[in-house]
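Per Swiss-Prot, region 'Disordered' is recorded for 1-258, 553-600. Positions annotated as phosphoserine by Swiss-Prot: Ser22, Ser105, Ser109, Ser140, Ser197, Ser227, Ser589. As annotated by Swiss-Prot, compositional bias 'Basic residues' applies to 29-39, 71-83, 247-256. Under the heading compositional bias 'Basic and acidic residues', Swiss-Prot lists 47-64, 150-162, 206-223, 553-574. The feature compositional bias 'Acidic residues' is assigned by Swiss-Prot to 136-149. Positions annotated as phosphothreonine by Swiss-Prot, on the basis of a large-scale study or a structure entry: Thr195. According to Swiss-Prot, the feature domain 'ABC transporter 1' maps to 298-542, an assignment based on sequence analysis. What Swiss-Prot records for Gly330, Pro331, Asn332, Gly333, Lys334, Gly335, Lys336, Thr337 is ATP 1 binding site, and it gives sequence analysis as the kind of evidence. Annotation source Swiss-Prot lists domain 'ABC transporter 2' at 619-834, citing sequence analysis. The ATP 2 binding site annotation in Swiss-Prot covers Gly652, Pro653, Asn654, Gly655, Val656, Gly657, Lys658, Ser659, and the record cites sequence analysis as its basis.
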Amino acid sequence: MPKGPKQQPPEPEWIGDGEGTSPADKVVKKGKKDKKTKKTFFEELAVEDKQAGEEEKLQKEKEQQQQQQQQKKKRDTRKGRRKKDVDDDDDGDERVLMERLKQLSVPASDEEDEVPVPVPRGRKKAKGGNVFEALIQDESEEEKEEEEEKPVLKPAKPEKNRINKAVAEEPPGLRNKKGKEEKSKGKAKNKPSATDSEGEDDEDMTKEKEPPRPGKDKDKKGAEQGSEEEKEEKEGEVKANDPYAHLSKKEKKKLKKQMDYERQVESLKAANAAENDFSVSQAEVSSRQAMLENASDIKLEKFSISAHGKELFVNADLYIVAGRRYGLVGPNGKGKTTLLKHIANRALSIPPNIDVLLCEQEVVADETPAVQAVLRADTKRLRLLEEEKRLQGQLEQGDDTAAEKLEKVYEELRATGAAAAEAKARRILAGLGFDPEMQNRPTQKFSGGWRMRVSLARALFMEPTLLMLDEPTNHLDLNAVIWLNNYLQGWRKTLLIVSHDQGFLDDVCTDIIHLDTQRLHYYRGNYMTFKKMYQQKQKELLKQYEKQEKKLKELKAGGKSTKQAEKQTKEVLTRKQQKCRRKNQDEESQDPPELLKRPREYTVRFTFPDPPPLSPPVLGLHGVTFGYEGQKPLFKNLDFGIDMDSRICIVGPNGVGKSTLLLLLTGKLTPTNGEMRKNHRLKIGFFNQQYAEQLHMEETPTEYLQRGFNLPYQDARKCLGRFGLESHAHTIQICKLSGGQKARVVFAELACREPDVLILDEPTNNLDIESIDALGEAINEYKGAVIVVSHDARLITETNCQLWVVEEQSVSQIDGDFDDYKREVLEALGEVMVNRPRD
């Protein structure tokens, strides 16, 4: 049988046979030979193994060289030599890149119009966009945002290297073909961005290089990997040297703001060491303010004050009219004292013709008698007296020209009231509690509180245009407060007072300045009038807030988002404001309207637990005589008792023994004769004027109550909160609390003791007005006995206390009310009581 045609062999034996495929990359079927080289499969394998071994050897040598280079660069970095080399290399690369970008860019005039220009056939079209000019323009911005750009650009670098790496590994023919296609695509673009231009430049530079020779691809790959490692190493060193590399953008901005504030504080320290913790800014003086520079009124607009990084005043306005008496009120710690200090130091723009005095420091302790310390405050009078003495000496020597000058000096002395100066000084000192012997006593023999009274007497004697008093009643007894209250009601110059004594503010002030929300708000009338107006204002604000919230709720129900609803509401407020502004064209522009916030009332409530009933008398002194060693007795034959419903206020001048009487009642002092008797079940709660001595300063308020009364943590915090201690202060060491906060801790301790009798020695010191009101309400609701020593007239009158006067070594009850006692005190000093009606 004839044989059929011979079967054709299968299709091409070579896999991947193409234009750019090297013989080494061809795959041969088992048992076949290459028609060109006539090599067997095993010979091909041997050749490949040999080439692979050589390449592996070269690769190892390259890696060793790279490791040596990296170690050398690390050593150079330690020695500080590497930075110069890197900068030189970077400068060279940057110059090459800039020259390349300059060739690709067009003039700036072409960049403005960007009208496409027809290109003649056969010519290349210039690339659009002036990349070089754009880089020059943004160079400073890129330097500023270098830290922010790094996280964005870092992932792009490996991608760029991968592109170059892929181009290097592609066959030469395919790479050239692909490069032509990419080049033609680049011509079709009119306005490439700076990033695209950089990419095209990298590709063009890659194309211009010679095609890689066999066996060089891996070398190039290794070199590129080495350069990539160097770049990553540089970035790692930058991050290691940058202490803020781990911070986010928000944290960096916050840190920058804090550093700016610290620099501002440092500059302020250099300028004025007295105000080293404060920052003040004030708007430029307007034309209206410039007109008032020579007037007696003060008008400061748009000033801001910050202390320790905390903003106290923001765009606030200060208006003070000559001859008015202002009371500055507001919660503790909001900047009232800071404002007084800035006015006194003229950190704010006070008119130069207004002399300002802030009474805040006690007089120097020296040999100067108290009355002379007051008289020497009037430097003009002292200068005239010295001139008088000098001219009298010249006149005695026969100088006739001195007579005319001496007459002028006498006229000035009469005009200033120099003859009555000493009588005036002694009257002021007597009103503040100095008897004739004390007025002639050297100041170094007085305590700090009495030297503070001398300082207050100096301020009253000088009568500045603007007198500022910061808590003037804190160092005074009730009698001195009564005299000062009456004296200031006749003050004819401008007065600015910070005080927590509501009765004092009601009697003295004609206007109230309320510090609220970092601004100053003004009310005509005394504190009682302000309180009514403020409460009415808060009610109106609450109604407006509820109306606003209702409108926002309706807008949200209609499909608006919260942001859209708030924006629409603000637009309505803006239109209303513009309408009002058109009606009142004379008024200055107001701040842009903001959405209302819920009004928050500052409320404090004190509570003391009611005691169980006890049979009277629960406490008393019987036949008691007491005196300190080496001194005459303070009391002789005291005999009185106290019941559970007693409300007693002990009054009298300083030094007569009011605090000593309280210590005898509590059993802390033992009588010289007689005895203190009390019910065996009686528990006494004592608030000492030196209350800080009974606290453990290293403990927190919560720990102090937990240890003393075995209270759970939450119960201790609730007790502290009831007496107005802020929650953040519950876990702070007591030594770091303010005086008012420490006082609240003591009141919380008294409540935990569940006393049957409250004995309070000057409890209103360091308390604000709201807390004093809360204390008065708590005393009225308390079912036990109360004995109090206080200089706060309103606390005395609000609690309906009986007045017991300490005088002449005994204690006696007054027939009449508090006004009767005031009249007696003023008559004893030779003063006439001012009966100014309260508004």
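Cβ atoms here come from the backbone N, Cα and C positions, even for glycine.
Source: prediction; values computed, not measured.
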What are the non-local neighbours of Gly652 (ATP 2 binding site), defined as same-chain residues 6+ apart in sequence with CB under 8 A from its CB?
Asp477, Leu478, Asn479, Lys658, Val805, Val806, Glu807
Residues near the ATP 2 site, Gly652, Pro653, Asn654, Gly655, Val656, Gly657, Lys658, Ser659 excluded, by Cβ within 8 Å of the Cβ center?
Asp477, Val806
Pick out which of the binding-site residues Lys334, Lys336, Lys658 has the most other Cβ atoms within 10 Å of its own Cβ.
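The largest 10 Å Cβ neighbour count belongs to Lys658.
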I need the least crowded one of these binding-site residues (Gly330, Gly333), counting other C-beta atoms within 10 angstroms of each C-beta.
Gly333
Residues other than Gly330, Pro331, Asn332, Gly333, Lys334, Gly335, Lys336, Thr337 within 8 Å, Cβ to Cβ centroid, of the ATP 1 site?
Leu515
Name, in the order they occur in the sequence, the residues of the same chain whose CB lies under 8 A from the CB of Asn654 (ATP 2 binding site) and which sit 6 or more residues away.
Gly433, Asp477, Ala480
What does the structure give for the C-alpha distance between Ser659 (ATP 2 binding site) and Asn332 (ATP 1 binding site)? Integer Å is fine.
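Cα-Cα distance, Ser659 (ATP 2 binding site) to Asn332 (ATP 1 binding site): 27 Å.
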In the compositional bias 'Basic and acidic residues' (553-574), how many residues does DSSP put in helix, strand and coil?
18 helix, 0 strand, 4 coil
Quick check for the class: what is the C-alpha distance, in angstrom and rounded, between Gly330 (ATP 1 binding site) and Gly655 (ATP 2 binding site)?
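About 33 Å separates the two Cα atoms.
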Could you round the CA separation between Val656 (ATP 2 binding site) and Asn332 (ATP 1 binding site) to a whole angstrom and send it over?
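Distance between the two Cα atoms comes out at 32 Å.
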Expressed to the nearest Å, what is the distance separating Thr337 (ATP 1 binding site) and Pro653 (ATP 2 binding site) at their Cα atoms?
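Cα to Cα, Thr337 (ATP 1 binding site) and Pro653 (ATP 2 binding site) are separated by 28 Å.
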